[in-house]
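Since the structure comes first, as structure tokens, the remarks are kept for the end.
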């Protein structure tokens with residue numbers, strides 16, 4: 001593959017990941033694992049739901065970036081896991097937002113037994129979606145630890161300091177802030193979620209690789 005094509009794929013991946021981050025902010029994923037998620041969807045403006053839903057079309061571009069990233073990481077199994085997460089779990093999660101929003105809005109118009117029945121159904125859907133969310137979080141944990149290990153050990157073309165750039169970093173920072181400074185955790189929420197750190201990771205790694213790495217081999 002020619003160098004110009006590699007650069008195009010890398011830049012497209014970087015842009016796609018930052019757009020995914022904005023999509024996550026559009027629906028406020030802080031309540032992703034509880035009933036507050038679908039209840040919040042009922043009051044979101046339709047354009048926000050649309051942005052979060054159509055972000056699923058960005059993940060093929062992200063997977064292309066993984067191909068470029070592997071040229072520097074030299075860890076095909078690690079990169080394959082990333083592609084699996086992006087092409088399955090992430091696409092499913094984003095595809096569900098529209099249906100949650102419409103069902104939640106309908107639930108808000110009901111009363112009595114009908115409202116209770118639809119609410120129970122939404123809670124059941126939420127529990128099913130949480131399975132995919134758990135798979136995503138476990139995958140992110142594995143990828144983060146794996147990435148830290150190989151980069152910190154100097155087994156890639158990247159500087160060892162890059163090992164600190166991972167979605168797990170944001171999660172740990174968020175946990176620490178919620179303990180010592182809860183109000184700051186809420187304020188800094190946009191830069192603590194996994195999608196921000198994934199976008200930052202790809203941006204730093206890919207730009208470094210394009211500048212100093214061997215992308216034409």
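Please read every residue number as a count from 1 along the shown chain.
A Cβ is built for glycine as well, from the same backbone N, Cα and C atoms used for every other residue.
TrEMBL does not curate its annotations; it predicts them automatically.
These numbers come from a predicted model, not from an experiment.
Taken from TrEMBL, the feature transmembrane segment applies to 9-27 (among others).
Per TrEMBL, transmembrane segment is recorded for 47-70 (among others).
Per TrEMBL, the feature transmembrane segment maps to 77-100 (among others). Counting residues 6+ beyond its ends, the transmembrane segment (77-100) has Cβ neighbours under 8 Å at 20, 23, 27, 37-38, 41, 49-50, 52-53, 55-56, 59-60, 62-63, 66-67, 69-70, 122, 125, 129, 132-133, 135-136, 139-140, 142-143, 146-147, 150 in the same chain.
Within its own chain, the transmembrane segment (131-154) is flanked in space by residues 32-33, 73, 75, 78, 81-82, 84-85, 89-90, 92-93, 160, 162-164, 166-169, 194, 201, which lie at least six positions past its ends and keep a Cβ under 8 Å from the stretch. If you look up TrEMBL, you'll see 131-154 (among others) marked as transmembrane segment.
What TrEMBL records for 161-181 (among others) is transmembrane segment. Sequence-distant contacts of the transmembrane segment (161-181) (same chain, six or more residues past either end, CB-CB distance under 8 Å): 140-141, 143-145, 147-149, 151-152, 188-189, 191-198, 200-201, 204-205, 208.
Marked as transmembrane segment by TrEMBL: 187-210 (among others). Through the fold, the transmembrane segment (187-210) approaches residues 6-7, 10, 13-14, 17-18, 20-21, 24-25, 29-30, 62, 65, 68-69, 71-72, 140, 147, 157-159, 162, 165-171, 173-174, 177 of its own chain, all at least 6 residues removed from its boundaries and within a Cβ separation under 8 Å.
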With the cut-off at Cβ under 8 Å and a gap of six or more residues from its ends, the chain residues touching the transmembrane segment (47-70) are 6, 9-10, 12-17, 19-20, 22-24, 26-27, 41, 76, 79, 82-83, 86-87, 90-91, 94-95, 97-98, 101, 202, 205-206, 209, 215
